[in-house]
Amino acid sequence: MDGVTVIGHPLVQHKLTIMRKKETSTAGFRRLLKEISTLLCYEVTRDLELTTERIETPLEETDAPVLEGKKLVFASILRAGNGLLEGMLELVPSARVAHIGVYRDHETLQAVEYFFKAPDNINERLVIVVDPMLATGNSSIAAVEKLKERGARNIRFLCLLAAPEGIRNFQGVHPDVPIFTASIDSHLNELGYIVPGLGDAGDRMYGTK
């Protein structure tokens, strides 16, 4: 599927399977989410541009590769997106963080915005939007729209699971934003949940219903 990268690394797929199991505990789900987010972050950042810096090792001076340009921004779609941040920030501790509050109205399935806060100079940074699920796509579409309104131009979207319906909706509005996911699942059910999915990621992460 054009514009979509499925991260099929064996460790990602193994951990995702355990997360899908209904008997996986809240603590186990949270731990696995942190682990898998680190692996996903590795993949979504694999083509970052590098420059060289003159350094001194214990043996001699040498030119060594370092990241070029402004620091990354990880933009979390609240609340479930926060579960991906911990592992990603361990991998890239210098990254800035944005928080975007949108929730899905369970009757209309539309996204309602209630919070937005992002770093300055977002137009000069690569922004990686994170949310465990790309279901209807409404929340993700709204979050990316808010980022673009603030000047963001280089955006990627990272999720654990995506539904074909959500991908179509998202790409219909934001064809310029590549999607990275661990799995494209079968479909959405009548309640807008991804099937087979893993349930509500936020509820499973925080032990709520």
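Even glycines carry a Cβ here, placed using N, Cα and C.
Feature annotations, courtesy of Swiss-Prot:
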- ARG79, ARG104, ASP131, PRO132, MET133, LEU134, ALA135, THR136, GLY137, ASN138, SER139, ASP200: 5-phospho-alpha-D-ribose 1-diphosphate binding site (BINDING)
- ILE194, GLY199, ASP200, ALA201: uracil binding site (BINDING)
Distance from ALA201 (uracil binding site) back to ASP131 (5-phospho-alpha-D-ribose 1-diphosphate binding site), taken between C-alpha atoms, in Å: 9
Around the Cβ of GLY199 (uracil binding site), the count of other Cβ atoms that are within 10 Å: 17
Cβ neighbour count within 10 Å of ASP131 (5-phospho-alpha-D-ribose 1-diphosphate binding site): 27
Uracil site shell beyond ILE194, GLY199, ASP200, ALA201, criterion: Cβ within 8 Å of Cβ centroid: PRO132, MET133, LEU161, TYR193, GLY197, LEU198, GLY202, ASP203, ARG204
Neighbour count (Cβ, 10 Å) for GLY137 (5-phospho-alpha-D-ribose 1-diphosphate binding site): 26
Residue with minimal Cβ packing [other Cβ atoms within 10 Å] among the binding-site residues ALA135, ILE194, ALA201: ALA201
Closest of ILE194, GLY199, ASP200, ALA201 to ALA135 (5-phospho-alpha-D-ribose 1-diphosphate binding site), Cα positions, binding-site residues only: ILE194
DSSP-derived structure type at MET133 (5-phospho-alpha-D-ribose 1-diphosphate binding site), helix or strand or else coil: strand
Those residues of the chain, 6+ apart, with a Cβ under 8 Å from that of ASP200 (uracil binding site): TYR193
Distance [Cα-Cα, Å, rounded] between SER139 (5-phospho-alpha-D-ribose 1-diphosphate binding site) and GLY199 (uracil binding site): 17
Spatial separation of MET133 (5-phospho-alpha-D-ribose 1-diphosphate binding site) from ILE194 (uracil binding site) - C-alpha basis, Å: 8
Residue pair ALA201 (uracil binding site), MET133 (5-phospho-alpha-D-ribose 1-diphosphate binding site) - Cα distance, angstrom, rounded: 7
